[in-house]
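Chemist: Annotations for this protein, taken from Swiss-Prot, read as follows:
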DISULFID  C5-C12  disulfide bond
Amino acid sequence: FPLPCAYKGTYC
């Protein structure tokens, strides 16, 4: 599953 990224709280 995609992990949360530090970009606008989106996912990788």
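Each Cβ is built from the backbone N, Cα and C atoms, and glycine gets one as well.
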Chemist: If you draw a 10 Å sphere on the Cβ of C12 (disulfide bond), how many other Cβ atoms land inside?
Modeler: 8
Chemist: Long-range same-chain neighbours of C5 (disulfide bond), Cβ under 8 Å, sequence gap at least 6?
Modeler: Y11, C12
